[in-house]
């Protein structure tokens, strides 16, 4: 045990200055070492390491530092004009040199986040069968029913701390992508490491394949999943229950299971079913809600008033919209001491499915905040945005649907149609917009602000359950990170360049709440939880080998 985070691998226990042994078995050639992504350093192997580990002749004679390798790779990545090519190049790097992959991602997070995650990951999932090269994570299908515990034991790592699992039915705003949804757990867990500091070996991506109702995939000869319609009802529930039981049996009470991109009906049912018995978190419901609430709390500095003074109009009553509405109601209840039922009714004006009534609803309800989570693009029309701008000096407009093609409106549309007065944020990134000689930098309500730090907080405290107060703590902490220079540019989120420090602060507040609620199992409680969280974070710097 080190720094409260279980570590079993020598390179993780060692400080960066200590020498470590990269081998777990005796070998007679360094050829295997060069193909081990956890220990491979490419041309950064020193002369002594090349002698000690049988690498002579297997590498060109040049010696490169990790920094020089990073510069070269970033230069190469920028040559690609197609985002999917950048994604594939990053995945190749992850399979070849794990530490260099994370060094690139951490040091260039604002540039590479859209490459390894939304919006590019959506296209990657759509084409996963064609670009599939080497399996990442565990695939658990109906074929494995009755054997899921055995399948989990096939995974080489034993000390798993976070599992991200999907059944591929609702990938971003792209619908049912079946087994090809694996890109989502893989992408999320790379962010857990890069942004939240979890060890890569402690992360397990899982896709549960119960079939697909996507005829295009079923008829595609390159499709990598089960060729059958989706299982539902008892057949589905039994497979999920076997999985959740096996996870707890194999990895223990404190493994975090994060549900990703399940269809609405299953998402709510699974969260409600397993919250009392497992450490579970649904990023689409709870993560989105937490990051949006953080943006709203920060926006109050720009528009004034308290959360209770505002009126919210939702387009889309799915996982995101429902989760956001509930968390806003919880925060208002906490601030005002009003009963939760009352804050739900009073402040959450309307949740609409469809756009026909949206303009009428804006005019009738006069919302100060318009939140889109419909998964349908172009639904915040010119008339809707103009109506919001006529009602509010600074209308708050959140177009949250992913990927970019499904966004309710673009940043340019929001700023132009509101005459530059909108406080805007979106789910996927948009480029800066120039309007009336002023440059507006749109914020991104990206769950990556929340879930890496949230998960780290659960792990360092040894939390056994997730409580809504932890989500509120995460939101409040994120909102506090928005500085005056950000507000001056109408931003309601801090820059991603500081994300590791932000994640440590969120982790500390989440852990503190776990201790306060009696849900933490790691005792004694550390005195300084921020420093403790930072000390637990994975470093991507190369280690020196004996």
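In case you wondered, yes, glycine gets a Cβ from its N, Cα and C as well.
As written in TrEMBL, here are the features:
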type     : residues      : note
DOMAIN   : 94-275        : domain 'Malic enzyme N-terminal'
ACT_SITE : 117           : active site, proton donor
BINDING  : 170, 402, 446 : (S)-malate binding site
ACT_SITE : 188           : active site, proton acceptor
BINDING  : 260, 261, 284 : divalent metal cation binding site
DOMAIN   : 285-515       : domain 'Malic enzyme NAD-binding'
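Summary of the divalent metal cation site environment: with the site residues 260, 261, 284 set aside, the chain residues having Cβ atoms within 8 Å of the Cβ mean position are 166, 170, 171, 184, 259, 262, 267, 282, 283, 319. Comparing C-alpha positions, residue 170 ((S)-malate binding site) sits nearest to 261 among the recorded positions 188, 261, 284.
Spanning the listed (S)-malate site, residues 170, 402, 446 have a farthest Cα to Cα distance of 18 Å. Using a 10 Å Cβ-Cβ cutoff, residue 284 (divalent metal cation binding site) registers 23 neighbours. Within the same chain, the residues at least 6 positions away from residue 260 (divalent metal cation binding site) whose Cβ sits under 8 Å from its Cβ are 164, 165, 166, 184, 185, 188, 282, 283, 284, listed in sequence order. Sequence-distant neighbours of residue 446 ((S)-malate binding site) (same chain, 6+ apart, CB under 8 A from its CB) are 113, 118, 291, 427, 429, 493, 496. Each residue contributes its Cα atom, and for residue 402 ((S)-malate binding site) and residue 261 (divalent metal cation binding site) these two points are 12 Å apart. Remark: residue 261 (divalent metal cation binding site) has 166, 167, 168, 169, 170, 171, 172, 181, 184, 284 as non-local neighbours, by Cβ distance under 8 Å and separation of at least 6 in sequence. Around the residue listed as 'active site, proton donor', the same-chain residues at least 6 positions away in sequence with a Cβ under 8 Å from its Cβ are 187, 188, 190, 191, 448. Within the group of recorded positions (170, 188), the Cβ with the highest number of other Cβ atoms inside 10 Å belongs to 188.
Looking at the domain 'Malic enzyme NAD-binding' (285-515) alone, the prediction's average pLDDT is 92. Packing around residue 402 ((S)-malate binding site) is summarised by its Cβ count: 25 other Cβ atoms lie within 10 angstroms of its Cβ, all protein chains included.
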